[in-house]
Amino acid sequence: MARGALDWIGAELVALDAKGLRRSLEPIGPAQGPVVRVGGRALVNLCSNDYLGLAADPRVRAAAADAAARFGAGSGAARLVAGDLPPHGALEARLAAWKGREAALLFGSGYHANAGVPGALVGRDDAVFSDVLNHASIVDGCLLSRAELVRYRHCDVEELAGLLARTRARRKLVVTDAIFSMDGDAAPLRELADLCDRHGAMLYVDEAHAAGVLGPGGAGLAEALGVQDRVDVHMGTLGKALGAFGAYVAGERRLVELLLSRARPFVFSTALPPPACAAALAALEVVATEPSRRTRLFALCARMQAGLARLGFDVARVASPIFPVVLGTEARALAAAAALRERGWFVRAIRPPTVPRGTSRLRVALSAAHDEAQVDGFLAALAEVLPGLPPEPRPPA
């Protein structure tokens, strides 16, 4: 029975519909992969973060099933109470070694980590400097910290240098995505590390879309650029390239010791399920022993990048499996997604507030499980769809 106190929601939903901003769930099946069933149809999946094709890998699935049999489906409690099981410590040790750091700490999700870690490091008398295109979870974590939030232009090292020089904050924290999730480009980590060294600031890097994908050992952008030792807080996720679930922070042991007491999402959340930890451990073994997956992935990326450039899209800065096909209005992005679906391609329209107004897009994401024919087929379908999209609105005279 509907309650009158919620009657206002109907008008909100109508307003979202009118703006093309209402969201909905889209069940897929039977499992994550390069081809999925959506609404009873087989579609090529170009909107997943399963960059290495590990979410349905038999070894990863078997590890999860074995852990469920040995340790149970869930942890039953927070780590600090009665939920600290063997798979947690084993995974943290492996993650710390992978990232070349002293210690690591698991979180329930990337959002949990980003929402909780900044507040453990900075507060009211401090300042946090955040790239304007950082993930929403970073923005929320910065706001929750109660430190002054200073947002600098995207990858603009010069502007950040001026902001750091002028601040009177007690402690300074610079936070950036390694790979920006809606644009696919990379942060200038070397230059950011130089600035942090010069101004005594902490450097926090979210490697959610880089870990497993970049670097000689797949450990991320910091590894690829040789700056792992200059990043104070390495955050990453287990549910993208590693195909599992959860997140982690790696760094000095004293950092992890502080987070054990101060990171509220860690303290007040039930621990990750043991099967998720075991799946991530198995995925890390694949990352270590099968670098050919990354080689294959980036060969496909080069093919996609060249094809999108030929179609007129600005993808020159892309340094990852994420390709922004920016179409402008919400209507154009929605129409493109619908037309591509009719042709057998599953790619979602990304709209505000996820991206700035006027930059609605298709976020095309590749996996090592795709093949060249699928890349070429998508490019051909996109070329066919573009002329039939609604026209861009004319700028005011």
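Using the three backbone atoms N, Cα and C, a Cβ is placed for every residue, glycine included.
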Which of these, Ser181, Ser261, Ser269, does Swiss-Prot say binds pyridoxal 5'-phosphate at the same site as Gly110, Tyr111, His209, Thr237?
Ser181
For the substrate site that Swiss-Prot describes with Arg23, His135, which of these is also annotated: Thr329, Thr354?
Thr354
Given the recorded positions Ser181, His209, Thr237, Lys240, state which is nearest to His135 (substrate binding site) when distance is taken between Cα atoms.
Ser181
Neighbourhood of the pyridoxal 5'-phosphate site (Gly110, Tyr111, Ser181, His209, Thr237): other residues with Cβ within 8 Å of the Cβ centroid, in order?
Asn49, Asn114, His135, Ser137, Asp206, Ala208, Gly239, Lys240, Ala247
Taking the Cβ of Thr354 (substrate binding site) as the reference point, list residues of the same chain whose Cβ is under 8 angstroms away and which are at least six residues distant in sequence.
Ala136, Met182
Pairwise CA distance, Gly110 (pyridoxal 5'-phosphate binding site) versus Arg23 (substrate binding site), rounded so that it is a whole Å:
21
For a quick check of packing: other C-beta atoms within 10 Å of the C-beta of Gly110 (pyridoxal 5'-phosphate binding site), how many?
25
